[in-house]
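Structure record follows, encoded as C-alpha cells.
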Amino acid sequence: MSPRLLLMLAILPVTLPAGRGAAQHFSAAPSFGIDYENNTFTLDGVPFRYVSGTVHYFRVPRAYWSDRLLRLRALGANVLETYVEWNSHEPEPGEYQFTGQQDLVAFLQEAQRQGLLVILRTGPFIDAEREFGGLPYWLLSADPQTPLRTSDPRFLEPLDRWFDVLLPKLKPLLYENGGPIIMLQVENEYGSFHACDYVYLQHLADRLRQHLGESAVLFTTDGDSQSLLHCGTTPAAYATVDFGSGTDVAAAFGVQRLFESSGPLVNSEYYPGWLDHWGYPHSTRSTEDVVRTMNEMFDMQANVNVYVAHGGTSFGFSAGSNLGNNFQACPTSYDYDAPIAENGYLTDKFYAMRNATLSVATWSVPEPPPQPAVLAYGAVQMTASEGLLAAVRGLADDPVTSDDPLTFEQLRQAYGFVLYSHNVTGVQPDPVLLNVTGLRDRGYVFVDGAQVGILSRGENIYQLPVSVQEGSRLQILAENQGRICFGNFLNDIKGIVSPVFLGSGRLSGWEQLSVPLNSTQLGRVERLLAGRATNRLTAAAAPAFFTGEFDLPAGVDADSPTDTFLRLDGWRRGVAFVNGFNLGRYWPAQGPQVTLYVPGTLLKAASNRLTLLELEEAPCLATDTCRVTLTDTPELDGPTPH
C-alpha cells in the first residue's frame, strides 16, 4: 500500500478502495488523514483545517505552560505545534530526562486538556535557534566529524536508541489512540542541509511508523524553493513549505504544488517576526504585513502554523548560533516579535492576528486572558565578589593535561567555559604574537593573572600581541557561545580546536579546567561567596563572581511572586543566576537585548540570591554603584554596533 494512501486512510473501521479520492466515511474511531481529491485534511472523516501556533515547552517555565497555551487558544489556534529537543532529554548518552521541565508528555496532555490538537516535530534536528539545533553535544565527542543528519551508522545508531525511548511515549498520545497528536514531522527543513540523503529520510519515516503505526500522518517542512524541497522531501511524508510575511503566497504554494499536486496547502512556519543575534538590530515584522499575508493564505484555504506564537526564553546556555558571513550568537530572549511576548504579554499584533483568525475559525475561541502581572522590585546591591581565576581551582574538578589544547567535547563538557593554562618556556620577543585561530568562540587572555585582551570568533579576532617572559603563566578562558544550529556547518566543536602558536612556536603542554557552571559548580560558587563578609567587594578585575540578596516587597503574594526583568546598567557581559537558576547570558554593551526575563516562579518571599559572572567590566569601583535593577519594563531593542 502506498504511503500516501496510508495518509488518507489513517485509521478506518471500513477500508476504502485504493486511490487518492475523497475520504467518504464517518469513522466511529478517531481518525486523521488527508483527502487528496478535495485538498483538505480530515478529522473523523470530516474536512478539517487548522491554524496552529508554536510554543516550545523547553522555553517556557513549566508552571506557565497552562497560561501560555490558553493564550495560544485565545489567538485563535486550534492546534499546538512544538519540537522535541533531543539534547534536553538525553544530555549524556543513555541518561534520559522526562520529568519537570522535560516532561513532554505532561505538556502535550495539558494542550489536550485545553482543547488543542498537536503537531509534533520529533527531529532529531530542530534548529529553533537552540544549541546545536537540539542535537546532544556528545555526538561530536567520539568523532568531531560525525556525519550528522545522514544514514551513516555513527549518527543513526545513537538516533535509533533515542527514538526507541521517545516514540513509545508518544504512541498513546496519537489522536487515533485518544490523544492530541495528529501529525509528526520527518526531520526539519532538511533541504537546507547539504547531505540530501534520501535513505536517511526514509529511515526516519520507517522508524516513526515502526513505533507509531502505519497510519501515522507524516510530513516534511522546507523553505518555498524548489531546490530546498528537492532534497527535503520523501515519498513517505506529505511535503509542506514555510515562509513569512510579504511573500508571494501564490508563488510559495505553487512550489508546494510541484511536489504535492493535490492535498491541503500548508505553511508549516509562518513568521510573524524573526530571530535576533547579539550585536545586530532587533528584528521586527510589521503587524499590517503579517495580517495581510495571513489573509492571503486564508483566502487560499491554507493551513497555517504561526512560528512562533510565543517564543519564550533560551534560559541557561541553551541559545544556539548561526554562521553567515561571520559567527553570530543568539541572545537569551526568544521574543521573536511574536504576538505573545516573552513574558506572555498580548501585543497589538496578537489582537490583529486574532481578528484575522476569527474570520475563518469554525471552532470556539476563548476571550483573551488578562495581561500578565509584572513588578519593578527595585535595586539589588551586590555585597560580595570573588575573581574567577582566584576561585577556579576550588570550583573545578581536577585539571586535565595534554600536549595540545583539548576541546569541550574531548573533555565531555557541554556548555560554559574552559580555562586553558600554559607555562611559557624560552625567551620570547616583546611583544610576541599569540595566534589562536582555532578559538571557538570567545577567549579572555591572561598573562600572570592579568587580563591582556579578548579574542573573538564573532569579530574574526584570533591574534593578540602579548608581553611574556620565560615562566609566564599564559591562560585563555574560552567560552562556548552556542553551537551552530542551522546550515551546513553543524560540526561545531568548542574550545580551542587547533594548536596555539606564540610567534612561530607551537605551544605544547596545556592544563584544562572545566567551568560548565552547572548546578553543582554554581553551588560551590554560592558557598564561596556566602563565606564572605557582608559588603565585601574585592578589587579583583573581571572576570569575577558577584552576589547580592533581596526580599520581595511587602504586599507581594509570597506563594505566587510576580515576574520581573533584570536590568544590568553599567555591567558589560556575563551570565546571571537567580536562586541557583541560570537565567542566561547578558550583554547589554552589544544589544539588542538589554534586560533578562525573570519568571516569578523562581522567586521566594525572602533571601532571594542573585549571582553574576561578569566577564568584562563591573560598575563596582564604588559600593553604591555595584548594583542591578529589577524592573517592570523589558528592553529588547537596545543599540547595537552592526
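Heads up, the Cβ atoms here are built off N, Cα and C, so glycines get one too.
For E189, the entry in TrEMBL reads active site, proton donor. Cβ neighbours within 10 Å of E189 (active site, proton donor), excluding its own Cβ and spanning all shown chains: 21.
Annotation source TrEMBL lists active site, nucleophile at E269. Sequence-distant neighbours of E269 (active site, nucleophile) (same chain, 6+ apart, CB under 8 A from its CB) are T54, T221, D242, F243, N305, Y307. DSSP classifies E269 (active site, nucleophile) as strand under the three-state reduction.
Per TrEMBL, the feature domain 'Glycoside hydrolase 35 catalytic' maps to 41-356.
The DSSP breakdown of the domain 'Beta-galactosidase 1-like first all-beta' (405-514) into helical (H, G, I), extended (E, B) and coil residues amounts to 0 helix, 51 strand, 59 coil. Feature annotation from TrEMBL assigns domain 'Beta-galactosidase 1-like first all-beta' to 405-514.
If you look up TrEMBL, you'll see 543-608 marked as domain 'Beta-galactosidase galactose-binding'. DSSP places the residues of the domain 'Beta-galactosidase galactose-binding' (543-608) in helix, strand and coil in these numbers: 3 helix, 28 strand, 35 coil.
The signal peptide annotation in TrEMBL covers 1-21.
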